[in-house]
Amino acid sequence: MNTVSYSRPVTLHSIRQLLPSASFVGCGDIYFRDLTPHSDDCQHGDLFVAVPGTNCHGNKYGTEAVLRGASGILTDTPCPDLNASQCVVSDVRRSYAWLCQYLRGRPSEALKTIGVTGTNGKTTITWLLRSILNASQKPAGLLGTIQYDDSRNRPVTSSMTTPDAKVLAEWLQRMAVAGASHAVMEVSSHALDQKRIAGITLDTSIITNITQDHLDYHPDFENYSSTKALIADYTHHEGQLIINGDDLNIRRALERNRCVQKPITVGFDDQSDHWIQIESMDQSSSQFRINLPSHVVNISIARPGKYNVMNAALAAVTASYHGCSDEQIINGIENAALPPGRLQQVCSDHPIHCFVDYAHTPDAIENVISTMKHLIDGKLICLFGAGGNRDRSKRSLMTQAALGADRIILTADNSRQESTQQILDDLISGFPAGCCADRVEPDRRTAIRWAIEQAEPGDCVLILGRGHETSQLIGDQSIPFDDAREAKQVLNDLSAISSPILLKSA
Ligand SMILES: CC(=O)N[C@H]1[C@@H](OP(=O)(O)OP(=O)(O)OC[C@H]2O[C@@H](n3ccc(=O)[nH]c3=O)[C@H](O)[C@@H]2O)O[C@H](CO)[C@@H](O)[C@@H]1O[C@H](C)C(=O)N[C@@H](C)C(=O)N[C@H](CCC(=O)O)C(=O)O
Ligand SMILES: Nc1ncnc2c1ncn2[C@@H]1O[C@H](COP(=O)(O)OP(=O)(O)OP(=O)(O)O)[C@@H](O)[C@H]1O
């Protein structure tokens with residue numbers, strides 16, 4: 001986990017003062033310097049936060065934390081066997097996140113905060129927003145799947161999409177100290193469920209879309225989508241809740257949660273508050289028109305796909321509510337550094353098209369394939385696998401979503417502790433009767449080479465699922481592996497073979 005190295009607080013805090021409704025066991029108050037939910041990180045004078053976790057209850061580690069110097073324990077279940085001061089609250093995760101923000105000086109109050117949730121598009125939208133805000137002299141910090149950045153453009157590789165509450169508070173403090181005006185952050189469904197953003201009031205929240213994912217963690221789709229819609233509860237009542245208005249799953253989830261805030265809709269439906277019309281599209285860009293609060297503007301984004309137009313439109317509308325001018329929005333999107341591994345073209349002299357993309361949900365796979373199918377003349381060759389120890393029920397749906405491709409190659413993704421063969425079998429089960437993969441090859445390197453070798457001039461190879469990732473997780477091993485680099489190597493080898501004259505002169 002990335003932590004920010006700030007010196008430990010020297011002030012002693014009274015938990016009774018900070019959480020007046022809490023009750024106490026074995027003491028009348030607990031004074032603490034800092035707090036941590038992991039016993040290993042406990043230092044002298046810390047409050048140990050016993051989180052009711054997904055694997056076990058943190059109470060299990062209370063003794064260990066006290067031996068390491070914890071001044072007391074924050075818990076929801078008093079522990080009679082524990083010889084330690086205990087503070088009992090009804091919602092440990094919420095109290096923990098709130099205390100983290102308090103200890104770092106409530107940094108979000110010094111920032112305009114924008115939270116982006118949804119199944120797909122969070123990273124793309126946050127990067128677009130950062131670009132627009134920076135183009136508008138509004139320095140923006142960013143927290144998301146690929147990197148954390150305090151606005152000074154010295155990003156750190158991230159370990160989680162939405163960091164744990166303590167790391168989150170530290171990064172927000174770092175942004176405030178760096179002079180950022182805005183914090184743009186991805187908010188995962190795990191983070192919403194675990195209340196990692198409690199203690200923060202978002203000025204604007206965005207919901208991109210809700211389709212199936214993470215049903216290993218959430219009991220069902222309804223729970224997953226309602227959890228996504230919880231972002232509305234963190235949104236300032238005078239702020240904006242901006243949604244993809246074309247997505248019925250979002251509307252249903254907001255209704256189920258009895259959300260009182262009226263969302264601002266962005267969509268291809270002409271009834272949307274902000275109506276998008278696509279003007280043109282090619283393999284490397286899309287042009288569209290949208291009515292922002294001020295005028296109708298024409299915007300270009302350097303990626304194809306209706307879904308990328310939606311991403312850009314959500315970013316544009318959000319930026320306009322944050323005071324960015326039409327010109328700043330247009331320039332910010334047009335010149336944005338887009339996240340690696342999102343329809344990233346692998347360029348070479350070899351006369352085929354090759355893209356690496358992070359599509360790892362059925363909806364994303366279907367979108368990428370349908371986008372590219374309309375933009376190329378040749379065959380579409382699609383390679384993907386599925387992550388292990390993650391939503392197993394989406395695997396057969398991923399295969400069904402890929403049936404629009406002319407050829408399908410199944411291979412390993414991050415198998416983690418699961419058997420790669422089991423994952424491949426789950427993927428294979430998605431083929432309708434009489435239909436099968438063109439090749440099932442567990443070794444991703446071999447599979448990529450084979451896929452590219454099958455392509456003829458004008459064909460397009462889509463390498464899906466791992467996007468920007470630079471290591472593959474197989475068992476307990478993390479093996480360096482970069483889809484774009486692998487593809488580039490194969491393309492270079494093939495272009496060298498087909499251009500012997502070039503080789504000779506090299
Ligand atoms: C499933 C999940 O989300 N777990 C997260 C959760 O852990 P948990 O509360 O379930 O912890 P637990 O393992 O049950 O342990 C209970 C308690 O005992 C403590 N403990 C445990 C062991 C020990 O030796 N000592 C000790 O004190 C733990 O710190 C914890 O407080 O809360 C922890 C603190 O916030 C997170 O670090 C941890 O994320 C794990 C590492 C994780 O991988 N999460 C992924 C699934 C995740 O959150 N991903 C999303 C993005 C998903 C996506 O879009 O792809 C993200 O936002 O990154
Ligand atoms: N608006 C969208 N609708 C559907 N699919 C999308 C959308 N935007 C991106 N995608 C697909 O999802 C993939 C991941 O995009 P991105 O990283 O922006 O989303 P994300 O929500 O951050 O994903 P994750 O939570 O998995 O990190 C892209 O490579 C693309 O295939």
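Using N, Cα and C of the backbone, Cβ positions are placed for all residues, glycine too.
Just so it is clear, the model here is predicted, and its values are computed rather than measured.
TrEMBL annotations:
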type    : residues                                               : note
DOMAIN  : 116-318                                                : domain 'Mur ligase central'
BINDING : Gly118, Thr119, Asn120, Gly121, Lys122, Thr123, Thr124 : ATP binding site
MOD_RES : Lys228                                                 : N6-carboxylysine
DOMAIN  : 341-467                                                : domain 'Mur ligase C-terminal'
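Other than Gly118, Thr119, Asn120, Gly121, Lys122, Thr123, Thr124, the residues of this chain whose Cβ falls within 8 Å of the Cβ centroid of the ATP site are, in sequence order, Val116, Ile125, Glu186, Thr208, Asn209, Asn311.
Taken residue by residue with DSSP, Asn120 (ATP binding site) is part of neither helix nor strand, so it is coil. Within the set of recorded positions Asn120, Gly121, Lys122, Thr123, Lys228, Asn120, Gly121, Lys122, Thr123 have a CB atom less than 6 Å from some atom of ligand 2. Taking the recorded positions Lys122, Lys228 in turn and counting surrounding C-beta atoms within 10 angstroms, the largest count is reached at Lys228. For the domain 'Mur ligase C-terminal' (341-467), residue counts in helix, strand and coil come to 42 helix, 24 strand, 61 coil, using DSSP. Of all Cβ atoms in the shown protein chains, 27 besides its own fall within 10 Å of the Cβ of Thr124 (ATP binding site). Reduced to three states, the DSSP call for Lys228 (N6-carboxylysine) is helix. Between the CA atoms of Thr123 (ATP binding site) and Lys228 (N6-carboxylysine) there is a gap of 16 Å.
Taking the residue listed as 'N6-carboxylysine' as the reference point, the binding-site residues whose C-alpha atoms are within 10 Å of its C-alpha, out of Gly118, Thr119, Asn120, Gly121, Lys122, Thr124, are Gly118, Thr119.
Looking just at the domain 'Mur ligase C-terminal' (341-467), the mean pLDDT is 96.
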